[in-house]
Amino acid sequence: MSSHREEKVRRIAAPDIAARKGGTPIVCLTAYTAPVAELLDEHCDLLLVGDSVGMVVHGLPNTVGVTLDMMILHGQAVMRGSRRAMVVVDMPFGSYEGAPETAYDNAARLMKETGAQAVKVESGPTVIDTIQYLVKRGIPVMGHVGLRPQAVLVDGGFKAKGKAGEERRRILEEARATADAGAFAVVVEGVAEGLAREITEAIEVPTIGIGASAGCDGQILVTDDMLGLFDWTPKFVRRYGDLRGEIGKAVAAYAEDVRARRFPGPAEIYFAKAG
């Protein structure tokens, strides 16, 4: 029997992220599959199994059609592929906006079946009590203010927020209320840079920016956007790769080799043993 024992790695948890307020910026990316989670794990503090999976992986027009079962399936995959990074799973549209008891049942199922360390909800006046309800019952919650993808049908599209006075005040108050309700961190998405800084200074938990400000306590991007897998890049994304181009080249080379009967070659096929 081998004497080798795999070294146990302690996974980052909500208190670790909360303690990073004002410190070294927190590195976050989205993950939906085990292989990608494995690649990101070494470099990230937090992996978000975002409901953006509906658009990125399943081709939906927005996140409204994402189901709890979909989030559980992808959450399980990301947990299998990662060892160190904290894994947070989005609660999809319709799973938490009603009675807090229903939200708890859905959140508890999500955490039990995935093994994730926390859930994320989009904040708002009707959700603050639910955040408090979940946290009091042992479920770590990450909030989300500003541009809220699940509210896209109400808001009329993916538009930057917080440029006008009343909207700016409302988003700031939602962030404060979310932190006061017990969220361990708050995603701040698609808001004016000055507002993102103001939120970061106003609340005692870390802010995770996406299209917000370098002054946030951490940053997150959709991994597929950052790697250049799509031909359209949102304004707030910096592309660190061109995987769309690289994949296109690789597939074109494969197709050419197949049509020319250069693949498979001697190195990729099996031969019967002599005798």
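Along the chain as shown, the residues are counted starting at 1.
Any Cβ shown, glycine's included, is placed from N, Cα and C.
For Asp51, Asp90, Glu122, the entry in Swiss-Prot reads Mg(2+) binding site. Residues or ranges marked as 3-methyl-2-oxobutanoate binding site by Swiss-Prot: Asp51, Ser52, Asp90, Lys120. The active site, proton acceptor annotation in Swiss-Prot covers Glu189 and rests on sequence analysis.
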Separation of alpha carbons, Glu189 (active site, proton acceptor) and Glu122 (Mg(2+) binding site) (Å): 11
Count of other CB atoms lying within 10 Å of the CB belonging to Glu122 (Mg(2+) binding site): 25
Recorded positions (Asp51, Glu189), the one with most neighbouring Cβ atoms at 10 Å: Asp51
Number of Cβ atoms other than its own within 10 Å, given for Lys120 (3-methyl-2-oxobutanoate binding site): 24
Three-state secondary structure, which DSSP defines for Ser52 (3-methyl-2-oxobutanoate binding site): coil
